[in-house]
Amino acid sequence: MSNNIPHYWAIVPAAGQGSRMGHTRPKQYLPLHGKPILQHTLERLNLPRIKGIVVCIAANDSDWQTLTLPRTVMSVVGGVERCHSVLNGLQALQPQAQPNDWVLVHDAARPCVRPADIDKLMTQLADHPVGGLLAVPVRDTMKRVSALPPQPLPHPFWGERGVEVIETVNRENLWHALTPQMFRLEALTLALQHVLNQQETVTDEAQAMERQGYRPVLIEGHADNIKVTLPQDLNLAELYLQQQDFS
Ligand SMILES: Nc1ccn([C@@H]2O[C@H](COP(=O)(O)OP(=O)(O)OP(=O)(O)O)[C@@H](O)[C@H]2O)c(=O)n1
Ligand SMILES: C[C@](O)(CO)[C@H](O)COP(=O)(O)O
């Protein structure tokens, strides 16, 4: 029955203040090649298979109305943390979506995502019971730092008292979680509600699903799907957009 075929929806958390960017405007409205980051992101998500898009914006957002949108999208007010914004977006979808529909949650701050990778995520997980996310394997040696208690160190070569001690973390099987992260509407809604009801937060949707005992699937994407976070990310994102448009 055609009405049993799950639809695909997108939620774009865009209600952050971009504090790490250190700019007066929220980073999602800063220009890349003269176009706001959020507009680039919405253009990447404007795929035929995505039935509708919900954008979560800050209550005091004065830039949203200035965007030229590639299609009609819904907007809802976000929350204190990203996970609160995403839950508001999920609740806005409830009236028009089915519980088993897929929801792709994609950061407004990731304008370089490749439409081909979004399609890959939707296609490869279309029949999966849980869902998953775009990710890329860690390529660098990883270090964990921890502050030493102010006491003599067991060995003089381990640095001065009170400095951070690093230890190498096994990078095998370590991946960078990206977005979109794609899960079923009802399952993701319940998972996030459970986390928030515990007065806790999560930094991505997969973590909420993991806490419910689900095992999300990683689908390899591309490292140029960066989250624009710090000032130096702006030039890098412009370079990636330029490379993609000409590749
Ligand atoms: N309460 C929040 C916080 C973040 N986001 C969105 O979640 C995405 C990823 O979050 P992040 O990169 O941390 O954005 P900010 O929170 O704006 O950045 P910062 O932590 O530097 O303030 C961004 O598109 C951001 O707009 C959101 O919708 N609601
Ligand atoms: C969702 C995310 O982009 C996956 O890497 C990341 O967790 C967002 O973290 P932030 O602290 O909200 O930027």
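Cβ coordinates come from backbone N, Cα and C, glycine included.
TrEMBL annotations: computationally assigned, not manually curated.
Annotated site 'Transition state stabilizer' per TrEMBL: Arg20 (among others), in sequence order. Within 10 Å of the C-beta of Arg20 (site 'Transition state stabilizer') we count 13 further C-beta atoms, all protein chains included.
Cβ contacts within 10 Å of Lys27 (site 'Transition state stabilizer'), excluding its own Cβ and spanning all protein chains shown: 26. Sequence annotations record features per position, and here TrEMBL assigns site 'Transition state stabilizer' to Lys27 (among others).
Around Arg171 (site 'Positions MEP for the nucleophilic attack'), taking its Cβ as the centre, 13 other Cβ atoms fall within 10 Å, counting all chains. TrEMBL lists Arg171 (among others) with the feature site 'Positions MEP for the nucleophilic attack'.
Sequence annotations record features per position, and here TrEMBL assigns site 'Positions MEP for the nucleophilic attack' to Lys227 (among others). Using a 10 Å Cβ-Cβ cutoff, Lys227 (site 'Positions MEP for the nucleophilic attack') registers 17 neighbours. According to DSSP, Lys227 (site 'Positions MEP for the nucleophilic attack') is assigned to coil rather than to any helix or strand.
Comparing Lys27 (site 'Transition state stabilizer') with Lys227 (site 'Positions MEP for the nucleophilic attack'), their Cα atoms are 11 Å apart once rounded. With respect to ligand 1, the recorded sites Arg20, Arg171, Lys227 contribute Arg20, Lys227 as residues with a C-beta closer than 6 angstroms to one of its atoms, given in sequence order. Candidate recorded sites: Arg20, Arg171, Lys227. Those with a Cβ under 6 Å from ligand 2, in sequence order, are Lys227. Put simply, Arg171 (site 'Positions MEP for the nucleophilic attack') is 21 Å from Lys227 (site 'Positions MEP for the nucleophilic attack') when counted between their Cα atoms.
Each residue contributes its Cα atom, and for Arg20 (site 'Transition state stabilizer') and Arg171 (site 'Positions MEP for the nucleophilic attack') these two points are 26 Å apart. DSSP assigns Arg20 (site 'Transition state stabilizer') to a helix in the three-state reduction.
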